[in-house]
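Heads up, the thing below is written out as structure tokens.
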Amino acid sequence: RLQLQESGPGLVKPSETLSLTCIVSGGPIRRTGYYWGWIRQPPGKGLEWIGGVYYTGSIYYNPSLRGRVTISVDTSRNQFSLNLRSMSAADTAMYYCARGNPPPYYDIGTGSDDGIDVWGQGTTVHVSSAPTKAPDVFPIISGCRHPKDNSPVVLACLITGYHPTSVTVTWYMGTQSQPQRTFPEIQRRDSYYMTSSQLSTPLQQWRQGEYKCVVQHTASKSKKEIFRWPESPKAQASSVPTAQPQAEGSLAKATTAPATTRNTGRGGEEKKKEKEKEEQEERETKTPECPSHTQPLGVYLLTPAVQDLWLRDKATFTCFVVGSDLKDAHLTWEVAGKVPTGGVEEGLLERHSNGSQSQHSRLTLPRSLWNAGTSVTCTLNHPSLPPQRLMALREPAAQAPVKLSLNLLASSDPPEAASWLLCEVSGFSPPNILLMWLEDQREVNTSGFAPARPPPQPGSTTFWAWSVLRVPAPPSPQPATYTCVVSHEDSRTLLNASRSLEVSYVTDHGPM
């Protein structure tokens, strides 16, 4: 079985030359009818063909890299190599060597990679002036001394200060690997990377086992194993004083039974003072029990959709909270600083497959209140957290659209093909806008057109938006008239533009 294996540096400095080698095993590189090439994939992008060599000796390069790239074959060692000069940050990518069938070049970016039949595993190459550095690893644990019996204990490894990316994290209980969650890497301002990984385990299981997280950083050839975690609740049980429960997550006053042994002499007084000092430290640092949630709560406020403002003459606000335990969470509303007397709809607590929970509350007001600039506030209340408030306020400097156009992008040629219409609207603020299509005054299903999120206009505080409608070939000689309808929260009327594909006219209207 033919196998390909890339080798080379994982880190290259800007302006230097990247040298990679692909070792071929399981078959001769001289075999006729094949092409040997290099392909790369930058982060977040598609595959990009670099170049390759045909068995006849002909070499082909990507035109965008010509002048920087050299590919050569060493048949005596059964390998082929890549040299890429003048490296820059744009050359950071996963590099693959591959074997393909004729033709000897492929536009991988368009998906025509059917000719590739053998791939290497790939090697990550980073272009940076920062030196290679192994990560620092720190153990973290849930910060509670009295976990609930039915609550999980969350262990975490903070992995930081390494370069280049990336690291591999594996969790073990004893010798058994454990399912874990590793978060996406973040590049710090100093160009070094950081990430974290966490493991959630039942309290009883944590008391019985030994846990470790293993971090491997290929570029620095380092491997770090973190074994030691803070002392378990089982070991602390004998020294824990009786706690008087208070609000969950707040500091509690801890008390112990009075000593029954009479202290005599100076030695007894010193022991008594030491014991009082220990009790004081316990009172200052101990919480009665872990809050039932293990992840921070996130609260979000959605402002009214333009559809509701126009079609229902209502302003609907949705406030929702996400976390791992929301049974004690409560959402409240204020309108202009006062509690509303109606219009509030409470959603049910929802549990999701990833272990998280969500809950929402919806407030509906007359559109006139929102247009008048009335403030709307949603507050998340939870026993273990300070209140979290989010306020929605209509932009005072709103501006209605000033220009609407409807153009034919492509006509049906041949006649049985589809046509495309482009509707553009500009000069409005804020960016919330409703754009819909009508076919002979009937609303077109949203699956038939593609709207775009309004970007800001260059050099202006206003926005513009567009939508493309696919018009299928007419089933009869009588074509339909298509209308683009636009509404904005600051518009007094609906704007519309129409076009008939047969007579090719455009009319721009004000109110419908």
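Heads up, the Cβ atoms here are built off N, Cα and C, so glycines get one too.
Here is what Swiss-Prot says about this protein:
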{"type": "DISULFID", "residues": "C22-C97", "note": "disulfide bond"}
{"type": "DISULFID", "residues": "C157-C213", "note": "disulfide bond"}
{"type": "DISULFID", "residues": "C319-C378", "note": "disulfide bond"}
{"type": "DISULFID", "residues": "C423-C484", "note": "disulfide bond"}
{"type": "DOMAIN", "residues": "135-227", "note": "domain 'Ig-like 2'"}
{"type": "DOMAIN", "residues": "396-502", "note": "domain 'Ig-like 4'"}
{"type": "CARBOHYD", "residues": "S238", "note": "O-linked glycosylation site"}
{"type": "CARBOHYD", "residues": "T255", "note": "O-linked glycosylation site"}
{"type": "CARBOHYD", "residues": "T256", "note": "O-linked glycosylation site"}
{"type": "CARBOHYD", "residues": "T260", "note": "O-linked glycosylation site"}
{"type": "CARBOHYD", "residues": "T261", "note": "O-linked glycosylation site"}
{"type": "REGION", "residues": "225-296", "note": "region 'Disordered'"}
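Looking only at Cα atoms, C423 (disulfide bond) sits nearest to C319 among the disulfide-bonded residues C22, C157, C213, C319, C378. Checked against C97 (disulfide bond) by C-alpha proximity, the disulfide-bonded residues C157, C378, C484 yield C157 as the nearest.
If you take the Cα of C378 (disulfide bond) and the Cα of C157 (disulfide bond), they are about 35 angstrom apart, rounded to a whole number. When DSSP labels each residue, the domain 'Ig-like 4' (396-502) comes out as 3 helix, 56 strand, 48 coil, counted as helix, strand and coil in that order. Contacts of C22 (disulfide bond) defined by a Cβ separation under 8 A and a same-chain sequence distance of 6+ are given as L4, Q5, E6, S7, W36, W38, Q79, F80, S81, L82, C97, G120, in order along the sequence. Of the candidate disulfide-bonded residues, C157, C213, C319, the one lying closest to C484 (disulfide bond) when CA atoms are compared is C319. Note: the Cα of C157 (disulfide bond) and the Cα of C319 (disulfide bond) are spaced 33 Å from each other. Counting every protein chain shown, 27 other Cβ atoms lie within 10 Å of the Cβ of C484 (disulfide bond). Shown in sequence order, V299, Y300, L301, L302, L331, W333, H360, S361, R362, L363, C378, L380, L390 are the residues of the chain, 6+ apart in sequence, with a C-beta less than 8 angstroms from the C-beta of C319 (disulfide bond).
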